[in-house]
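Visitor: Sending over a structure as structure tokens; questions will come in a sec.
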Amino acid sequence: MIKIAIVGYGNLGRGVERSIKQNKDMELVGVFTRRAPETVQTEGANAFTMDQLKHKKNEIDVCILCGGSATDLPTQTPEWTHLFNTIDSFDTHAKIPEHFAKVDQVAKENQTTSIISTGWDPGLFSLNRLYAQSILPVGETNTFWGKGVSQGHSDALRRIDGVTDAVQYTIPNSEVIEKLKAGEQLNLSTRDKHFRECFVVLEEGANAENIQEEIVSMPNYFADYDTEVHFISQAELDQNHKKMPHGGTVLHIGTTHENTKQVIEYNLQLESNPEFTASVLVAYARACVRLAKEKQFGAYTVLDIPPKYLSDRTDEELRKELL
Ligand code: NDP
């Protein structure tokens, strides 16, 4: 049995707890949290303080780190990789090389193994970009996200004065996707690829017109996109917009001999982004334990992991059943 600890219990942590129940070769040792453990509502798992984690070194094969990318993982992953094999879902794309270098150094010094930035993007989408670009070097890759909720953009809306709650959907431009698949050469700007749709609840007396203007002109978040804003009641937001769907498409259009068109499309439609991301982390946890057993210490990303290491089946079974 692979013995797993969940470090940090938010949406992703809950998803990992659910996913472990679907994997027969794994068992959950517990949830470790910075909050008072008795205040954390798990779905059956024992909850412990973060401080108790370091005393359980001999009981845990791998820690799945479920903190946020903005401030938790940059410190938590190096910190826990001192003692444990770790997995994280660090998704600040521009900072991945820096995060990798830090974790790699700690892992090599302490003879542990860490797989960072797993999930779907970065993660499965990164793998698909690699396959597509290696197989069809003459071609172009585009990634489209959505339809899905962007936590970062939803947070940005909620920070506006006069807004009490809000949800933002990122929506891919399906017309552009179809044109690319048809072989049209397009010079795409940010605005061409995605729309943004916002559902916003206002404080009583807030000026809707001003807030609409503040949203659509917000630099880095909305100014570069066509953005639609709907003002709705809290009851409607709670009823229709509290799930966390997401997904997207990696589309690579390449050519081989004499402009023969080849299309590679990898698509995810997720009813729950955190539950899916958690399932990816759990599969990579299996790979992490196997690498550690082979004494392959250091940091890795999904690009380094042999696909068969994700599976609980033997090599022989995989050859028979999947090839
Ligand atoms: P949450 O905000 O739900 O949880 C993050 C941390 O916040 C938890 O580990 C928990 O730590 C703390 N926390 C959770 N709930 C509460 C609460 N009620 N009060 C106080 N603290 C709380 O984030 P998610 O789980 O949704 O996402 C985690 C990360 O996953 C994201 O930052 C994102 O970077 C990454 N991600 C990556 C993807 C990929 O494809 N690579 C896809 C989706 C997400 P503690 O228990 O210690 O308090």
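Numbers here mean position along the shown chain, with the first residue as 1.
A Cβ is built for glycine as well, from the same backbone N, Cα and C atoms used for every other residue.
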Visitor: From Arg191, Arg196, Arg313, grab the residue that TrEMBL records in the same substrate site as Trp145, Thr170, His246, Asn273.
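Guide: Checking Arg191, Arg196, Arg313 against TrEMBL: the substrate site match is Arg196.
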Visitor: May I ask which of the binding-site residues Trp145, Thr170, His246, Asn273 is closest to Gly68 (NADP(+) binding site) if we compare their C-alpha atoms?
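Guide: So, spelling it out, the nearest of the binding-site residues is Asn273.
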Visitor: For ligand 1, which among the binding-site residues Trp145, Thr170, Arg196, His246 have a CB under 6 Å from it?
Guide: none
Visitor: Rounding to the nearest whole angstrom, report the longest C-alpha distance spanning Trp145, Thr170, Arg196, His246, Asn273, listed for substrate.
Guide: 18
Visitor: Return the member of Trp145, Thr170, His246, Asn273 nearest to Arg35 (NADP(+) binding site) in space, with distance defined Cα to Cα and candidates limited to these binding-site residues.
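Guide: Nearest candidate: Asn273.
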Visitor: So how many other Cβ atoms are close to Pro122 (NADP(+) binding site), meaning within 10 Å of its Cβ?
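Guide: The answer is 21 other Cβ atoms.
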Visitor: Taking just the CA atoms, what is the gap between Trp145 (substrate binding site) and Pro122 (NADP(+) binding site) in Å?
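Guide: Roughly 12 Å, rounded to the nearest whole number.
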Visitor: Can you tell me how far the Cα of Tyr9 (NADP(+) binding site) sits from the Cα of Asn273 (substrate binding site), in Å?
Guide: 15
